[in-house]
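What TrEMBL annotates here:
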- Arg75: pyridoxal 5'-phosphate binding site (BINDING)
- Arg97, Ser98, Gln105, Arg313: substrate binding site (BINDING)
- Arg271, Arg379, Lys444: tRNA binding site (BINDING)
- Lys284: N6-(pyridoxal phosphate)lysine (MOD_RES)
Amino acid sequence: MNSDNFNLSEKIVSPSYIRQGSQARRGHEQLIRQLLEQGKCPEEGWSESTVELFLSELAVMDSNNFLGNCGVGEREGRVASSLVARRHYRLIHGIGRSGDIAAIQPKAAGSSLLNKLTNSVVLDVLKLAGVRSVASCFVVPMATGMSLTLCFLTLRHRRPKARYIIWPRIDQKSCFKSMITAGFEPVVVENVLEGDELRTDLEAVERKIEELGAENILCVHSTTSCFAPRVPDRLEELSSLCSKHDIPHIVNNAYGVQSSKCMHLIQQGARVGRIDAFVQSLDKNFMVPVGGAIIAGFDESFIQEISKMYPGRASASPSLDVLITLLTLGVCGYKKYLSERKMFTDFTMLLSLPAMSLDGLQANSDKAVTQLGSMLFTRQVSGARVIPLGKEQTVSGHTFRGFMSHSESYPCPYLNAASAVGITREDVTVCIKRLDKCLKTLKKEGSATDHTEQIINDVHQAQITHVSSKTNTHC
């Protein structure tokens with residue numbers, strides 16, 4: 001209510017009570033005012049009542065919620081189900097206009113404000129997470145693969161003769177298909193084995209640039225976030241190569257926002273060389289439903305160019321989800337999740353890497369290896385990956401040997417799991433216990449060699465380390 005309505009209320013209810021209610025209302029409004037003034041993620045998270053008040057204020061600014069509105073067009077925010085309307089807080093118009101996903105929608109001042117604020121808050125969080133010099137970003141209602149495709153299609157206008165994208169291999173289908181869908185030919189560069197780790201073959205990348213000709217290459221498509229034993233690409237060196245040869249550089253940072261290492265690599269890559277855009281998933285980094293991503297970069301004009309490539313209006317759901325989440329968590333809440341995620345990396349350090357060798361299972365057959373994966377899944381351990389040797393997979397006409405291991409000839413089968421944001425101590429403890437039982441069952445059935453005893457000992461050691469560790473919960 002405004003001040004006039006509060007004054008009128010004092011004639012109905014005791015003025016002292018009304019003034020108390022008015023002061024409480026001003027507390028909510030003060031938080032909203034700070035958000036509008038600063039465009040940053042609040043230090044402390046908001047209560048649900050503040051978030052809902054804010055969203056309600058935005059919704060009444062959209063034409064479909066005007067009292068007495070007469071909509072005679074084909075797109076007037078009509079919704080048949082009241083349940084659907086409530087699910088979206090009556091913010092029905094979406095974001096953007098036909099020519100630009102970032103444009104203001106005249107019928108929807110509230111939804112447009114939501115979109116602008118979300119992009120501003122997310123930009124602030126990317127800086128807090130480690131990429132301090134990022135200049136611009138926007139939330140796009142597509143997952144990471146299609147968002148990468150949008151980046152490649154935008155580069156097509158800048159480099160119309162280019163046919164190829166140089167891609168250090170990572171065995172994940174959507175990032176490979178993103179290049180095919182955009183109409184380009186991926187040039188797969190195999191990784192090199194250094195100890196147990198798979199790393200970027202920089203010499204092979206440079207040879208491909210010289211062989212194909214820089215003018216025929218759309219970009220280098222690198223990766224930060226990945227599963228061991230593949231480690232993040234050598235972003236600083238790749239960025240320097242791209243700068244040297246004047247080739248764009250797009251980074252797949254799918255679940256890298258939660259990793260200080262990945263964000264540091266992006267910051268350093270932009271400092272010493274060239275990174276045109278980096279793309280990250282909303283669900284993996286911010287614990288919201290699947291369906292959105294953030295496209296960010298260091299040149300505001302190029303990021304705006306990408307946003308203008310998106311055809312038509314877009315769903316506001318991903319923007320709404322991530323804004324609600326970040327306002328609820330605040331900087332302190334999100335940092336706490338990041339700190340807890342970092343603490344749980346002891347789970348992924350069962351051996352010397354965040355992956356566990358399965359050499360102790362039957363060396364002459366993949367049966368025990370694949371059986372372990374099935375046993376974990378049926379015991380409701382989701383997300384763990386069991387990688388056998390020599391698996392082949394054809395993706396969009398290209399055959400990958402040793403698929404899922406990021407290498408044609410990785411020396412051993414292995415199991416890995418991610419310490420992802422939102423993982424809990426209970427998740428880790430239960431997973432280790434169930435893995436222990438599965439390995440003991442395989443050994444009892446004779447499906448594993450005596451070397452399995454070492455694997456079991458490693459699991460027990462990880463359990464001991466995990467139980468003795470402590471979490472810092474301070475902001």
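Note: Cβ is positioned from N, Cα and C throughout, glycine not excepted.
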> How many Å lie between the Cα of Ser98 (substrate binding site) and the Cα of Arg75 (pyridoxal 5'-phosphate binding site)?
Replying inline: 12
>> Please identify, among the recorded positions Arg75, Arg271, Lys284, Arg379, Lys444, the one with the smallest Cα-Cα distance to Arg313 (substrate binding site).
In response: Arg75
>> Using a 10 Å cut-off on Cβ-Cβ distances across all protein chains shown, tell me which of the recorded positions (Arg75, Arg97, Lys284, Lys444) has the largest neighbour count.
In response: Lys284
> Near Arg271 (tRNA binding site), which of the binding-site residues Arg75, Arg97, Gln105 can be found within 10 Å, Cα to Cα?
Replying inline: none
>> Which one is it, among the recorded positions Arg75, Arg97, Gln105, Lys284, that lies nearest to Arg379 (tRNA binding site) by Cα separation?
In response: Lys284
>> For the binding-site residues listed here (Ser98, Gln105), tell me which residue's CB has the most neighbouring CB atoms inside 10 Å.
In response: Gln105
> Which number gives the other C-beta atoms within 10 angstroms of the C-beta of Arg313 (substrate binding site), all protein chains shown included?
Replying inline: 21
>> Give me the CA-CA distance between Gln105 (substrate binding site) and Arg75 (pyridoxal 5'-phosphate binding site), in Å, as a whole number.
In response: 12
>> Using only C-alpha positions, which one of Arg75, Arg97, Lys284 is spatially nearest Lys444 (tRNA binding site)? These are the recorded positions in the record.
In response: Lys284
>> If I take the alpha carbons of Arg75 (pyridoxal 5'-phosphate binding site) and Arg97 (substrate binding site), what is the distance between them in whole Å?
In response: 12
> By a simple count, how many Cβ atoms lie within 10 Å of the Cβ of Arg271 (tRNA binding site), its own Cβ left out?
Replying inline: 13
>> If I take the alpha carbons of Lys284 (N6-(pyridoxal phosphate)lysine) and Arg97 (substrate binding site), what is the distance between them in whole Å?
In response: 28
> Across all chains shown, how many C-beta atoms besides its own are within 10 angstroms of the C-beta of Arg379 (tRNA binding site)?
Replying inline: 15
> Excluding Arg97, Ser98, Gln105, Arg313, which residues of the same chain place their Cβ within 8 Å of the centroid of the Cβ atoms of the recorded substrate site?
Replying inline: Gly94, Ile95, Gly96, Gly99, Asp100, Ala103, Gly312
